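**Q** According to Swiss-Prot, the site 'Transition state stabilizer' annotation covers 27. Sequence annotations record features per position, and here Swiss-Prot assigns substrate binding site to 33, 34, 35, 36, 224. The ATP binding site annotation in Swiss-Prot covers 67, 124, 125, 126, 127, 128, 129, 130 and rests on sequence analysis. According to Swiss-Prot, the feature Mg(2+) binding site maps to 130, 162, an assignment based on sequence analysis.
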């Protein structure tokens with residue numbers, strides 16, 4: 001959607017002109033899964049599937065929201081003084097949360113807004129539609145009210161909204177990738193320190209294909225919080241002998257030497273994934289920087305195997321996509337991405353083989369699962385921003 005279309009749609013809905021238009025990307029994580037809340041490293045990119053917005057300030061204290069993705073909900077009106085979570089306010093709880101925490105941080109938001117939203121991230125796909133919306137609202141408010149905000153502060157407010165307003169116990173990777181994304185770069189982020197480097201993404205004759213299971217995944221209803229709790233318990237057991245706060249602080253040798261302290265086989269498996277995935281992510285960064293895409297692909301494959309057997313977050317749909325992708329000509333690697341239990345997988349595919357790849361994987365998936373997957377080419381873009 002371009003800016004003139006955004007402005008036209010805004011005027012259709014609200015009857016006035018928008019002040020500005022905005023875009024906030026989605027994200028995929030190339031590798032480093034379920035490590036962000038374990039103090040480990042991640043390697044995400046911001047993508048051109050994302051969330052568009054148009055907005056204007058109002059003279060009163062009323063917030064009016066409209067989403068083209070939920071047209072049946074119509075315009076949802078919220079008093080600026082009432083930024084509490086309410087089920088009937090549906091998707092607008094995300095913007096309400098961002099506004100609430102901006103105000104709590106001392107930023108002055110002294111009038112209402114009209115906000116039009118359109119997103120082309122499939123809902124429940126695991127490509128971070130909620131984080132994209134959170135950062136979009138942050139950028140809108142920053143522009144309309146001329147707030148002087150560090151981008152990292154907006155990232156943290158997005159995470160705070162997810163954790164403390166919506167109630168999903170997620171890490172910071174999604175908001176960080178979306179807020180800090182850069183053209184044609186992956187972000188190598190240490191989630192323990194929030195130190196990061198931009199890693200140029202030269203895929204040569206290859207593209208990243210996103211494979212959507214089309215099995216909707218509700219993060220707050222999934223086993224995500226259970227996995228996080230298992231890892232936190234493993235850390236507390238390891239602390240009997242080790243001075244650590246997160247699994248991300250461990251190398252494989254130390255983990256192997258002290259894993260006997262973890263009293264449950266499942267928790268050992270969860271912790272082993274977190275430690276090994278952290279090492280794989282470091283190796284993947286080095287492979288990208290050296291242009292060793294075959295090695296990068298092998299690390300993707302190993303990541304999926306670990307997520308299947310040690311972390312147990314894949315399932316029939318994601319496994320079918322990844323396993324079938326591995327068998328195709330021109331594929332360097334494939335893995336699930338995101339929290340799992342549905343959502344999406346990604347594959348690194350030679351660009352000349354993409355159509356054959358989609359046909360073969362789609363056919364096999366439909367035979368096994370009973371309905372078709374969807375495919376998108378991941379184009380890497382910059383972070384959340386003002387368009388005009």
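Each residue, glycine too, has its Cβ placed from N, Cα and C.
Could you place the listed features in the three-dimensional structure?
**A** Residues near residue 27 (site 'Transition state stabilizer') in space but far in sequence (CB under 8 A, at least 6 apart, same chain), listed by position: 44, 45, 46, 47, 127, 128, 131, 132, 173, 174, 177, 178, 181.
According to DSSP, residue 35 (substrate binding site) is assigned to coil rather than to any helix or strand. Same-chain residues at least 6 positions away in sequence with a Cβ under 8 Å from that of residue 35 (substrate binding site) are, in sequence order, 41, 42, 191, 248, 274, 277, 278, 281.
Every protein chain shown contributes to the tally, and the Cβ of residue 126 (ATP binding site) ends up with 30 other Cβ atoms within 10 Å. DSSP assigns residue 126 (ATP binding site) to coil, not to a helix or a strand.
There are 23 other CB atoms within 10 A of the CB of residue 130 (ATP binding site), with all protein chains counted.
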**Q** Report, as a single number, how many Cβ atoms besides its own are within 10 Å of the Cβ of residue 128 (ATP binding site).
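**A** A count of 31.
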**Q** Based on the record's binding annotation for substrate (33, 34, 35, 36, 224), what whole-number value in Å is the widest Cα to Cα distance?
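**A** Answer in Å: the longest Cα-Cα distance is 12.
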**Q** Please report the number of other Cβ atoms within 10 Å of the Cβ of residue 33 (substrate binding site).
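**A** Excluding its own Cβ, the number within 10 Å is 28.
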**Q** Rounded to a whole number, what is the top Cα to Cα distance in Å among the residues the record ties to ATP, namely 67, 124, 125, 126, 127, 128, 129, 130?
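**A** So the binding residues stretch over 19 Å, Cα to Cα.
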**Q** Considering only the binding-site residues 33, 34, 36, 162, 224, which residue has the minimal Cα-Cα separation from residue 130 (ATP binding site)?
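**A** Result: the closest of the binding-site residues to residue 130 (ATP binding site) is 162.
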**Q** What Cα-Cα separation, expressed in whole Å, is found between residue 33 (substrate binding site) and residue 126 (ATP binding site)?
**A** 12
**Q** What's the CA to CA span in angstrom from residue 67 (ATP binding site) over to residue 162 (Mg(2+) binding site)?
**A** 19
